[in-house]
Amino acid sequence: MVSARIVVLLAVLLCAAAAVASSWEDDNHHHHGGHKSGRCVRRCEDRPWHQRPRCLEQCREEEREKRQERSRHEADDRSGEGSSEDEREREQEKEEKQKDRRPYVFDRRSFRRVVRSEQGSLRVLRPFDEVSRLLRGIRDYRVAVLEANPRSFVVPSHTDAHCIGYVAEGEGVVTTIENGERRSYTIKQGHVFVAPAGAVTYLANTDGRKKLVITKILHTISVPGEFQFFFGPGGRNPESFLSSFSKSIQRAAYKTSSDRLERLFGRHGQDKGIIVRATEEQTRELRRHASEGGHGPHWPLPPFGESRGPYSLLDQRPSIANQHGQLYEADARSFHDLAEHDVSVSFANITAGSMSAPLYNTRSFKIAYVPNGKGYAEIVCPHRQSQGGESERERGKGRRSEEEEESSEEQEEVGQGYHTIRARLSPGTAFVVPAGHPFVAVASRDSNLQIVCFEVHADRNEKVFLAGADNVLQKLDRVAKALSFASKAEEVDEVLGSRREKGFLPGPKESGGHEEREQEEEEREERHGGRGERERHGREEREKEEEEREGRHGRGRREEVAETLLRMVTARM
């Protein structure tokens, strides 16, 4: 009788072993099932013998539930066109989110070289409305940086865009021909000049040692955000637009032979590029014909007179100055050439370890470029919060979407209804601050931070400071302070009036450049784009390999399970 019971028990346990082994083998074909099921079975071996059958049954039940959940997800993914559209929409939102992660900041790699030669280059930022819908307000403007090597010459051309330039480094000569009149002026660091659309313009770097670097914005007039260069003098490189006229038109226009025209405008013409090498004698001759640029406010002011030539910004009295920095500004009042374009130009020099006082512009869109120094900027942006809201529905559709959302929010420092976009600033970085958006720039502890700013829609713009002397919050009346801050007006006054400096303040006190290291880490992650995605993919690949190895040894595992159950029965006997 006892032997019969033992035989029955042995048969039951062998059937259970076969069922568990079969279940484990089936699960081996799923992404996470095989190796987890195997671990579950191995844990059961450590249990007392009378608990092991129940443990094995629980392993099987867990795997069955996981398979059903995976099947539901797969069915949802294949549930038809609507589901596919949702998936595509989610992917599109994700791509847009990655693309629009920081729409206001552009490092050197964001610029595209449109001119490249041995003697220099011209780099241009792509149209703002292609970067983000948030930048449509300045879609008519482009940012460009010209670099010309010592003793180089930029051949004459005209464009269908107004050019407003700031000489960030070096010196040279700029010539414009407008209304039949040629004007040549010397330019140097700190000069601001305007080259109108359609005016033939050329320039030369007359220095024998330093590069000439000009930062400029182009105000497009034909197609918003698009501009073209037109080279009259030229040949093969650059190609002269004159060569595109028919031969008969060329001969009639210049009253000369086709051979001579070919030598000037055709394939036998100039082929050294847009920026060419000039001799010392040639640059000296160009300089000899140029008058000294850089007039100041002693020139007749509008409406009594017009500006002639560049405006020497750094030779003027700074509008704000203290031990933490200086701000130099030129607007339509001081430099009449800017009036037509509704643009002001400024230069900020922030002392090492200091920062600009938090502020916002009431009307202007700030387009900024860093020629020298290092630091970081913070821009407070409510639009980023609303964009994040578009992803709310993703949060209920899977853990992976939630993790991506949380990761993005951490990188962009979500605040109380706002996002703070932090950007590391270094030479060649450009950034944009829309009207009304508070921002601050901080210089590193190792060097001053220099920023050139072009402020679009400058007419009647006001800089509103949020800290330091004359900050707008101090001007609230006592009742408004008490109600707004939920504190006593005296305490509010004490905090808001703690800084006496205007415009520039001492920087954060954290030692060791913690903020800069944090920003470098964020940008390193952003440069690698989907680093987290690649790590996840790598984990999946490793799990798959482990799964395959376990699959190859599946038969041995089944035998181990059966052997374990036999040992259990034998021990009981």
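Numbers here mean position along the shown chain, with the first residue as 1.
Just so you know, glycine gets a Cβ as well, placed from its N, Cα and C.
On a predicted model such as this, the values are computed, not experimentally measured, just so you know.
If you look up Swiss-Prot, you'll see 390-402 (among others) marked as compositional bias 'Basic and acidic residues'.
Residues or ranges marked as compositional bias 'Acidic residues' in Swiss-Prot: 403-413.
Marked as compositional bias 'Basic and acidic residues' by Swiss-Prot: 525-542 (among others).
The feature compositional bias 'Basic and acidic residues' is assigned by Swiss-Prot to 549-561 (among others).
Residues annotated as domain 'Cupin type-1 1' in Swiss-Prot: 104-262.
Computed over the domain 'Cupin type-1 2' (311-493), the whole-number mean pLDDT of the model equals 84. Annotated domain 'Cupin type-1 2' per Swiss-Prot: 311-493, in sequence order, evidence recorded as sequence analysis.
Under DSSP, N349 (N-linked glycosylation site) is assigned to a strand (E or B) in the three-state scheme. For N349 (N-linked glycosylation site), other Cβ atoms within 10 Å of its Cβ number 21. Look at Swiss-Prot and you will find N349 tagged as N-linked glycosylation site.
For 65-102 (among others), the entry in Swiss-Prot reads region 'Disordered'.
Residues annotated as region 'Disordered' in Swiss-Prot: 288-315 (among others).
Annotation source Swiss-Prot lists region 'Disordered' at 382-416 (among others).
Residues annotated as region 'Disordered' in Swiss-Prot: 498-573 (among others).
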